[in-house]
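Asker: TrEMBL lists 12-30, 54-72, 129-155, 167-185, 215-234, 246-266, 287-313 with the feature transmembrane segment.
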Amino acid sequence: MLGSLPYKTKQFFIAIIKLSIIVGASYYIYNRLLNNENLNFTEFTSLLTKNNVFSAKNIFFLLILSVFNWFFEILKWKNLVKTIKKISFFEALEQSLGGLTASLITPNRIGDYGAKAIYFAKQYRKRVILLNLIGNVNQMAVTTIIGIIGLILFYKNYDLEINFYKVSRLLVILIVLAVFTAFGLKQSRFRIKGFSIEQIINFVKQLPQRTHIKTFILSLVRYAIFSFQFYFLLQIFGTSLDYKTAMIAISSMYFLSSIVPSLAVFDVLIKTSAAVFLFSHLGIDELTILSVSTLMWLLNFVLPSIFGSYFVLNFRLPKVQD
């Protein structure tokens, strides 16, 4: 869309877009913290102080976990991108955190796709979007596999009430959708992020097997880190859950929240609702779960997005793209 415009005009529109992203993300963070109907900010800070969350030891360890979480996400992105163009770790960091900031106010984090693609020359952008999709699908695959196992164990071990009539109705709807999807695939009309299934399959096949394996392993490592971080926060707040029990609930929570499409603005609310529902069966009070979920959001989304805002503001659309 900007390709035919003069360079200075492009820079003007880019500046407007950058400011819109920063203002939107800042408002979202402010509103989420101070105007949260589910969690009073004063109660939240009081609970943090009461449980000594702000001790140097706790803060250091939590920050280390967040750094490693994003370190492996950046490595994953660098690993994928090198199949079309070699980039430095710093470039991968800039693209990943800039993409995070842009994704906060867009449906299903679609802003991440556009933000990462614009860092590359026009001839690379479609492939960059597909690489980003592959990275996200791998992360979703890990969440789904572990989450389904966790949900089965949760159902077997705890008194989880399930309305089987509603579940059956949902399965029927999913089967109908699957049939229509299959028909759409046959007609080559079904598209994901603007690409046909055939295009995506061909692109995936072209990638080295080593890239696929490494991407999946890095996704698994990331999952292990941020799920352990959730468990560590539960321990800080004085819960007596052992790691196995907590992981059953945590994996179920991430799975349930990940299958609901939403704006990134509401993503934390969905995760929080799932967490409150599941952990209530384990005797954990709502305020504790709301506080843990909010801290996870602050550590892994808000803090990185602050650095991402710097990269967004300093982004320059090059005159000549290589």
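Heads up, the Cβ atoms here are built off N, Cα and C, so glycines get one too.
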Asker: Can you name the far-off residues of the same chain, 6+ from the ends of the transmembrane segment (215-234), with a Cβ under 8 Å from a Cβ of it?
Answerer: 61-62, 65-66, 68-69, 72-73, 75-76, 79-80, 134-135, 138-139, 141-143, 146, 241, 243, 246-247, 250-251, 254, 284, 288, 292, 295-296, 299-300
Asker: Using Cβ atoms and a strict cutoff of less than 8 Å, what residues sit near the transmembrane segment (54-72) while being 6 or more residues removed from its termini?
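Answerer: 48, 96-97, 218, 221-222, 225-226, 228-229, 232-233, 236, 295, 299-300, 303-304.
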